[in-house]
Each structure stands twice: as C-alpha cells, then as structure tokens.
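Listed in Swiss-Prot:
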ACT_SITE  Asp151  active site, nucleophile
BINDING   His36, Asp38, Asp151, His411  Zn(2+) binding site
CARBOHYD  Asn285  N-linked glycosylation site
CARBOHYD  Asn593  N-linked glycosylation site
CARBOHYD  Asn625  N-linked glycosylation site
CARBOHYD  Asn657  N-linked glycosylation site
CARBOHYD  Asn733  N-linked glycosylation site
CARBOHYD  Asn793  N-linked glycosylation site
CARBOHYD  Asn875  N-linked glycosylation site
CARBOHYD  Asn977  N-linked glycosylation site
REGION    956-977  region 'Disordered'
SIGNAL    1-21  signal peptide
Amino acid sequence: MGPHSWLPLFMQLALLGPQWALHFYKVKVFVVPHSHMDVGWLHTVQESMQVYVPDVYNSVVEALTRGKRRRFIAVEQEYFRLWWDGFASAKRKQQVRQLLAEQRLEFVLGGQVMHDEAVTHFDDQILQLTEGHGFLYETFGIRPQFSWQVDPFGASATTPTLLALAGFNGHIISRIDYDLKDTMQHTQGLQFVWRGSRSLEARQEIFTHVLDQYSYCSDGFMWNGSPRFPDRPFDMDYSAVEMPVSQDSMNHYVLNLVDNVNKRAAWFRTQHVLWPWGCDRQFFNASQQFANMDRLMDHINKHTPELGISMQYATLAEYFQAVFAQDVSWQVRDHRDFLPYSSAPEQTWTGFYTSQSGLKRLARRASALLYAGESLFTRYMLSAAHRFLDPAWALTQLQQLRWAVSEVQHHDGITGTHILAVRDMFVEHLTTGMAGVRKLMDSIAQDMPLTHSGPEPGGHVAMVYNPLAWTVTTVITLTVSFPEVSVTDESGRPVLAQVQDSKETPSAYDLHVLTTIPGLSYQHYIIKPIRKAREDSQEAAATVPSTIQFGLKLRRQDGQVGRNLVPVKNSCYTVFLDKDTNLMHSIWERQSNRTVRMSQEFLAYRSVYGYEEAVTSDNYLFTPNGTAEPAWAAVRMEVVEGQLLSEIRQYFYRQANDSDHTYAIYSRLAHGPQDSAGELLCHRIEQEYRVGPLELNHEVVLRTSTSLNTGLVLYSDNNGYQMQRRTYRHDRNNSVSLNYYPMAQSAFIQDGGSRLVLLSEQAHGVSSQGNGQVEVMLHRRLWNKLEWTLQYNLTHDVTSVVRPVLWLLLGPRTLTTGLRQRSGLELQHRPVVLFRELGGTVQNGPGPRKQEPVTLPPSLHLQILSIPGWKYSSNHTVHLKNLQKGHYRRAKADFRRVLLRLHHLYEAGEHQALSRPVTLNLQSVLRGLGSVVAVEERSLTGTWDVNSLHRWSWKTEDGHHHRGSSRRPLPPLRGPNVTIHPKEIRTFFIHFQEQ
C-alpha cells in the first residue's frame with residue numbers, strides 16, 4: 001500500500017473522534033493467542049480428540065517454531081496430557097520443551113479443566129489444579145503463575161484465594177453482571193487487587209483483570225474456519241470464516257482493529273491493552289491464523305506514528321509484567337464475589353445451580369469416595385506389612401478417579417450445561433473411577449485384621465471406615481433383605497441397631513447401626529440374620545420401631561393449623577407435626593428453649609414454554625413465569641419411633657387421587673449418646689427427599705417457612721470455603737431469579753435469637769423470597785423451541801427421580817457457629833462401609849496392625865492425606881537437572897512422601913474459642929501413621945517450596961504494598977511444629993521412615 005492509498009484510512013481513523021485522539025501514539029496491544037477447548041459441552045472429550053484437539057497442538061507448535069515472535073497460551077491440561085501421552089511425536093515433544101524454555105508457549109491456570117466457580121466445592125477445585133500442576137511440574141519443571149478463568153458463569157471469591165495460595169501473580173475473569181461490567185468499564189475499574197478472604201486479607205491478595213465486553217473472543221479476526229464434527233476433513237480443507245489479510249482487505253482490518261483497541265484502551269488505567277486472540281475450538285490450523293495476523297501486525301507496526309498503536313504477540317506473563325511495571329496504585333476489592341451472573345436484562349444464570357441434579361450428586365459422592373480412598377491407601381502403605389496389594393495398581397485406581405472428579409469440575413460439566421451425550425461421558429468416567437477405588441478399598445479391607453469367633457457360618461462383615469480426622473458418632477444405614485437381624489462388634493458384643501421397613505423398597509429393610517469411630521480408623525461389625533427356628537438363640541436382635549400412620553390430608557388454604565400437634569423428639573429437638581395438615585408445624589430447640597414456627601412444602605416454578613422469541617429457563621437460565629405455586633394436592637404421613645432414631649415420612653401427591661407420590665420428605669432425629677461425642681448427631685435433623693418425575697417446564701423447590709425475622713437476608717457459601725451475606729435485590733421483572741445463589745455446601749437464615757442452617761451434600765440453588773423463608777431448588781425439567789436448544793439438542797428434558805439430602809441445624813448463633821462446619825464435613829464425608837462374606841470362625845493372620853487414630857483439634861480439618869505418586873524431586877534445582885538429563889523416564893513413584901493439607905475451618909472472630917490459631921506438632925499428630933522424618937511446607941498444589949515462593953507485590957490505594965506469599969509471613973518452618981491461623985490452608989510434604 002503506497003502513501004497515497006494510506007490517506008483514506010487515516011481520514012477514517014480521524015473521524016473516530018476524541019477517543020482515538022486520546023490514545024494517539026500511546027497504546028501498546030498485547031495479542032494473546034489462545035484456543036478455548038471445553039472439556040465436554042457440545043461434544044465429548046473423545047469426539048474433540050478425534051476432530052480437532054491434536055491439530056491445535058500440532059499446528060500451534062509448528063507455527064511457533066517457524067516464527068520467533070509468535071506466542072500461545074494453553075489452558076486445559078486434560079486435553080494437553082491426552083495429546084502429549086497419545087499423539088505427540090518425539091520431535092513435537094522436543095519442540096514443546098524448547099518453546100517453554102524460550103517462554104513463547106505458556107501454560108496458564110494449569111488445571112485439568114477451567115473449573116466452574118459457582119457449584120464446585122473448593123476441595124475439588126484444589127484437586128483439579130493439583131492434578132494439572134503436578135503433571136506440568138513433573139514433565140517440564142514449570143509452574144503456572146497466571147489464571148485464565150474466562151468462561152465460568154460468575155466469579156467466586158474463593159478461586160482468587162486458592163490461586164494466591166498456589167503462587168499465582170495474576171488472575172483473569174470475564175463473566176460478571178453485564179451492568180456491573182459496563183459501570184466498571186466507564187470508571188476504569190476492570191483491574192483491581194482482590195482480597196478474596198476476609199480472614200487472610202492482604203496476605204493472599206491477587207491482582208485481577210476482568211476482560212471487557214468483548215470477552216475472550218476476537219470476532220472478525222479468525223481465519224481457520226470451524227472444526228467439522230463428527231469427522232475432521234481428510235484433506236484438512238476448512239473453509240475460512242474471514243477473508244484473508246491482503247492489500248485489498250488491509251484497510252478493513254486495520255480500521256476495525258484500531259477502533260476496537262481504542263475503545264478498550266479507554267476502559268483501563270494503563271495504555272497496555274490485553275487483546276485475546278482466539279475463541280472456541282480455534283487454532284487447529286495455526287499456520288493460517290498466524291500468517292494473516294503477521295501481515296496485519298506488520299502493517300500496523302509500520303504505521304504506528306499514524307495509528308497511535310503498536311502490536312506484539314504476548315503470553316499472559318508478558319502482559320502482566322508490563323502492567324506490573326507501571327506506577328499505579330490499584331483499587332482493592334474485598335471478599336465479595338461476582339454471583340449471580342446476568343448476561344442481559346432478565347437473563348440471570350441461576351438455573352445451572354441445580355441443572356442435572358443427579359450428576360451433581362454423583363460428582364460430590366465420587367469426590368467423597370476418593371477422599372476416603374486416598375487416606376485409607378496412605379495408612380495401608382505406611383503400615384508394617386501389606387500382603388495382597390500391588391501399589392502401582394492401587395495408584396492407578398486412585399489416579400483414574402482423581403482425573404474423573406477433576407474433569408467434571410469443568411464449567412460445562414458439573415454445571416449441567418452440556419448435551420446428554422456429554423453427561424453420559426461424565427457419568428461413565430465417574431462410575432468407572434469409583435468402581436476402581438471401591439475395589440481398592442475392598443482389597444485393603446480384606447487385609448485388615450479381624451478376629452471373630454461365631455457359632456456358625458453366615459452373614460457379613462461390615463468394615464466401617466471414618467475418613468475424617470476426629471472421632472465421629474453417627475448412624476449408618478444399610479439395606480438388608482431380612483427383618484430379624486443381629487449386629488455385633490468383632491468381639492461379639494451387641495451393637496445398638498434398629499431395623500424397619502424400607503422407606504422406598506417394599507421388599508427390603510433399612511438397618512440403622514450406631515457407630516463411634518476414631519479419626520482415620522475403622523470398626524468391624526458382624527451382621528447376621530436371626531433364625532426363628534432356634535428358640536434357644538441368645539443373639540441380640542436389632543430393635544424394631546413402632547409406626548403410626550396418618551391418613552391422606554388435602555392441602556388446606558384456610559390457615560387453621562396448630563390445633564392437633566404430634567411431638568417427635570430427641571435430646572436436642574422436638575419437632576411438632578400438625579395432624580390436620582400432615583405438615584411440620586414448629587421445632588423446639590433445647591439450648592435456647594425457643595420454639596420456632598417452621599413448615600415445609602414443595603412448590604414449582606413454571607417457565608415460558610415453546611416461544612422462540614421468549615427468554616425462557618434452560619440449562620443455564622432460570623426465568624420463571626411468575627411466583628412458585630404448590631406442587632402437591634395431598635400429603636400422607638408416617639411416624640416411625642425407635643430406640644435409635646425416629647423418622648418422619650411425608651408423602652406428597654401431585655393430585656389427590658394419584659396412586660403414587662411424586663415428592664417425599666424423610667426426616668430423622670437420632671437418639672445417640674448424651675455426651676460430647678454425640679453432640680453433632682443430636683443437633684441435626686437429617687432430611688432426604690424424593691423428587692420426580694416432574695411435569696415438563698417445572699422447576700421444583702423445597703420451601704421452609706419460619707417465624708424468624710430475617711429481613712430477607714440470606715447467607716450462602718462460596719464453594720464450601722466461606723460465607724457470603726446476600727441482601728434481597730428488588731427488580732421489576734427479575735426479582736425471583738436475581739435472588740438465587742449457589743449453595744455448594746451450606747446456607748442459613750437468622751434473627752437475633754436463632755439461626756436455621758441448611759447443609760447439603762451437593763450443589764443447589766438457594767434463595768430467600770420472603771421474610772423468614774429459605775428455599776432450595778431440587779430438580780428441573782425443561783424444554784423449549786429456541787434455535788440454540790434444537791440445533792445442539794441442549795435440552796434438560798429429564799424424567800429422572802432425584803434424592804437429595806439436607807441436614808437442618810437450629811439454635812442460637814453461638815451453637816450453630818460451632819457446629820456448622822464440622823456437621824457439613826460429616827455430611828460430605830460420611831463413613832464408608834465395605835462388606836465381605838463371613839464364613840464361620842475368622843482369625844486373620846498378622847496383617848496390618850490396628851492403627852492408632854489420627855485426631856486433629858475441632859477447628860482443623862484434614863483436607864487431604866494422600867500419596868500422590870509424583871516422581872519429581874522436592875528440590876527444584878535437582879528436579880530441573882533430572883529433567884535435563886532425562887532421568888524422569890527412570891524415576892519411580894515415592895510411596896513414603898505424603899501430601900498433607902490442613903484447613904482452619906473458622907473465620908477470624910467468628911467463634912470465641914474455635915477462631916483462635918492452632919499450634920500442633922505434626923510428628924505427634926501423625927504418629928499413628930508412622931515415624932515422620934521430614935516436613936516440607938509447599939504451595940497449595942505442592943509445586944513450590946514456600947521458602948522460595950515470592951509473589952509480586954502490587955501497590956494499592958489503601959497504602960498497602962505487601963509482598964504476597966502463600967502463607968502468613970512467619971519464620972521458615974523448623975521442625976514439626978506448625979501454627980494454623982483462621983481460614984488458612986497449609987500444604988505439606990510429609991516424609992515417613994521406611995518400615
């Protein structure tokens with residue numbers, strides 16, 4: 001293009017006005033090439049690997065090798081690992097190592113997936129980051145330092161805290177409320193220092209960048225077309241979306257890009273513009289992409305004086321380094337999150353908090369099984385003898401479930417925002433992984449010492465394992481086929497048990513057994529049918545409760561309630577039931593001596609149906625057509641009163657003449673020991689629900705209405721890590737959906753005298769739509785005619801029945817504050833029951849010794865106890881030398897190095913006693929596992945020695961200029977003593993002596 005042909009373009013740029021003039025000669029554009037590769041959304045992982053993923057990595061590596069200035073960031077490690085292990089040639093692998101050494105290829109975030117931030121539990125966020133970081137560090141010796149959370153539907157305040165603990169220096173998010181983003185753009189507030197934890201504050205702050213309204217895609221600058229499913233073209237001939245950059249098209253591209261850049265530059269405080277270049281499933285033909293951008297970039301840089309911008313390819317590290325070098329004091333954001341997320345008026349993304357409820361439950365149960373399997377395997381491997389187990393095989397079983405649990409944390413995975421084939425993929429991977437870990441635990445159970453002398457063969461041995469690091473007293477429930485049963489411990493002593501008709505299966509029986517198990521320990525129970533023919537039998541039978549039936553009652557609208565009450569109680573609560581309605585009426589709580597009015601019922605929101613132009617509920621959105629209405633017409637009730645527990649069974653019928661119920665509430669109160677061991681068991685009402693199948697375009701909630709004067713204030717958790725205060729937001733058209741929040745593990749409402757806590761074993765949407773009310777969305781069934789839904793079969797027309805579980809805690813704040821966290825963990829990590837046949841007299845040989853319990857103080861939680869099986873040296877210098885020499889190929893897993901993570905459960909100032917720092921001697925606490933010979937403190941995911949971790953220090957407007965670190969600035973760890981402060985998560989490598 002000659003000088004005269006340049007004049008028309010220059011005139012057009014001048015017409016852009018003051019905005020362009022403002023940034024004349026100033027703007028530096030950092031072009032960050034990337035490909036957004038969903039680990040399951042519209043296509044399965046297998047389909048994506050078949051169609052385009054290997055082409056992305058192969059062509060990107062080739063393109064970067066051909067051009068020294070080119071850059072690329074890679075995000076999802078599940079895809080990269082699959083390519084590295086199954087597709088990459090030796091040449092490609094060497095090229096990757098060279099590009100990493102030159103810092104032209106950068107791994108950002110580094111997890112297995114780009115995890116969701118609303119409905120994931122922080123345990124699983126840490127897991128998926130740990131798995132990805134471990135692979136990258138072991139393979140390349142690198143440690144990601146910048147995040148790329150650009151597609152999750154809202155941003156939690158927990159994620160930035162975890163990333164800071166992992167050693168990150170910068171955090172990128174995108175999807176926040178459209179109106180808030182617009183305000184932040186116009187006030188240049190898209191960049192800030194985020195202190196995501198109210199207790200950790202500046203110690204774990206992180207610089208955060210919110211992508212502007214253009215987000216992570218660069219529309220109009222994609223030259224490699226779109227991948228073709230289900231099969232890639234044999235000749236790799238993809239029709240390009242955009243016309244190539246040429247002399248004829250140059251003016252078009254320059255004008256559009258400069259206009260775009262100058263708009264963006266006005267929204268930020270520095271003249272450094274982050275320009276994400278890429279989008280979903282891009283760069284599978286990277287040479288074509290880079291060839292066009294090279295020409296455009298060369299032209300713009302040649303005319304920088306006229307255009308006022310310069311461009312360069314960049315990694316995130318290069319962009320953040322440039323911003324960090326600026327003399328700017330940044331705004332500080334506190335522990336508030338960015339939830340819920342709205343993309344437009346009346347488009348609030350709160351439906352996915354409940355979508356695919358069954359998958360959400362399976363994912364959380366898989367995580368709990370993995371947690372138990374990790375610690376049981378660790379105890380077993382550290383014991384004196386392990387006769388039957390191949391450690392390599394065992395590690396493979398754990399690894400498969402680690403990957404499956406990590407995979408489903410993807411922001412289109414556990415969210416339920418995927419097609420049904422992808423759901424089936426997640427389910428298959430989770431169930432296969434769970435079967436492997438269950439087989440591993442069964443193998444360990446076979447090797448556990450058991451001495452039992454029985455008069456005759458028959459029955460089963462149940463090994464019940466407590467994966468928590470404190471003594472748990474609880475009731476386990478087993479399903480048996482016989483109504484008369486005895487339960488004894490391995491010494492033959494009778495155990496308190498209760499057998500009753502199954503609440504769901506007419507031909508079976510529920511056997512409830514009271515158990516007390518120390519931390520990381522197990523108990524054996526012998527379960528045998530009692531034979532009536534033996535009249536002289538001395539076997540102690542499980543007790544049989546009495547059952548009272550209450551006839552069908554129609555839903556009443558006259559408000560005449562509370563005249564005929566039936567009490568059901570244990571030592572902590574009395575639940576009053578109304579015989580005239582068959583509904584809960586109120587609860588009396590012992591410690592406060594207060595009776596709180598409380599009723600529960602199922603209601604349904606109806607969504608707009610069938611209209612192509614309407615905004616309607618789908619996998620993502622919750623857009624109800626009005627307020628919730630009762631979803632039932634009649635209810636029947638049973639009360640089962642026993643020595644061990646009392647159970648209230650309420651069956652709700654959609655129509656009064658229905659033969660089968662659609663909904664049910666099963667409420668249990670346990671009659672446990674009256675000492676401190678039974679405190680948690682006594683102070684909870686365990687509820688299980690049956691919901692479904694639903695009518696089409698119905699979204700069903702359980703609403704609990706109380707006499708608490710809550711002022712429409714709700715508290716819900718961020719990923720099970722911390723609580724957020726939610727005040728009611730009024731909106732003319734969208735108040736219902738706008739006031740729904742994710743409940744990953746807990747929520748509560750309160751007034752000056754009492755607090756009602758809900759604990760959940762899986763994620764749900766939760767809301768308070770009225771004073772004293774809290775409602776939990778349990779299930780959804782949706783279908784519409786929107787083009788998007790029909791094109792991809794992205795439907796939520798599920799006819800399943802779901803059985804979620806909630807535990808209720810009621811009492812004064814001091815009581816519930818002390819119990820909420822530990823009760824939530826007892827729900828999340830219930831004892832695991834492992835069965836085996838009992839054949840006459842059993843006297844096992846000298847297997848692993850009966851091990852000592854591991855017990856932590858009540859304010860600390862053993863977040864993980866695991867043998868990761870990593871092969872790398874803990875010494876970074878040694879590890880890099882081993883990589884250079886190729887020694888990693890011959891390295892073996894270290895089974896004496898244990899990953900230990902401790903979490904302080906309480907916020908600073910939350911509880912008078914439990915919020916204090918806790919000092920403990922790790923050598924003493926872990927003596928039940930073996931002899932500790934060395935303790936190393938590590939970053940959250942284990943890849944950094946904290947003594948060598950020095951994160952960037954960002955200047956802030958409040959005057960703090962604090963050098964961030966992965967922990968409280970204390971002297972280096974010397975010896976086994978460690979102090980854990982409120983909300984800290986501390987990670988260690990514990991090295992045990994060889995037996």
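Glycine residues also receive a Cβ, built from the backbone N, Cα and C atoms like all the rest.
Feature map: Swiss-Prot annotations on the structure.
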residue: His36; record: Zn(2+) binding site; CB count, 10 Å: 19
residue: Asp38; record: Zn(2+) binding site; CB count, 10 Å: 23
residue: Asp151; record: active site, nucleophile; CB count, 10 Å: 20
residue: Asn285; record: N-linked glycosylation site; CB count, 10 Å: 23
residue: His411; record: Zn(2+) binding site; CB count, 10 Å: 26
residue: Asn625; record: N-linked glycosylation site; CB count, 10 Å: 13
residue: Asn733; record: N-linked glycosylation site; CB count, 10 Å: 11
residue: Asn793; record: N-linked glycosylation site; CB count, 10 Å: 11
residue: Asn875; record: N-linked glycosylation site; CB count, 10 Å: 12
residue: Asn977; record: N-linked glycosylation site; CB count, 10 Å: 13
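For the recorded site, Asn977 (N-linked glycosylation site), the DSSP three-state label reads strand. The number of other Cβ atoms within 10 Å of the Cβ belonging to Asn657 (N-linked glycosylation site), over all protein chains shown, comes to 9. A distance of 26 Å separates the Cα atom of His411 (Zn(2+) binding site) from that of Asn285 (N-linked glycosylation site). Taking the centroid of the Cβ atoms of His36, Asp38, Asp151, His411 as the Zn(2+) site, the other same-chain residues with Cβ within 8 Å of it are Met37, Trp41, Met114, Val150, Pro152, Asp280, His410, Asp412. Annotation: His36 are the recorded positions among His36, Asn593, Asn625, Asn657, Asn793, Asn977 whose CA atoms are within 10 angstroms of the CA of Asp151 (active site, nucleophile). The Cβ of Asn593 (N-linked glycosylation site) has 7 neighbouring Cβ atoms from other residues within 10 Å, across all protein chains displayed.
Taking CA atoms as the reference points, Asn733 (N-linked glycosylation site) and Asn657 (N-linked glycosylation site) are 36 Å apart. A straight line from the CA of Asn977 (N-linked glycosylation site) to the CA of Asn657 (N-linked glycosylation site) spans 67 Å.
In the three-state DSSP scheme, His36 (Zn(2+) binding site) is classed as strand. Taking the C-alpha atom of Asn285 (N-linked glycosylation site) as reference, the shortest distance to any of the recorded positions His36, Asn593, Asn793, Asn875 belongs to His36. Closest in space to Asn625 (N-linked glycosylation site), of the recorded positions given as His36, Asp38, Asn657, Asn793, Asn875, is Asn793, taking the CA atom of each residue. Asn657 (N-linked glycosylation site) sits 71 Å from Asn875 (N-linked glycosylation site), taking the C-alpha atoms as the reference points.
Checked against Asp38 (Zn(2+) binding site) by C-alpha proximity, the glycosylation sites Asn593, Asn793, Asn875 yield Asn793 as the nearest. Closest to Asn793 (N-linked glycosylation site) in space, going by CA atoms and restricting to the recorded positions His36, Asn593, Asn875, is His36.
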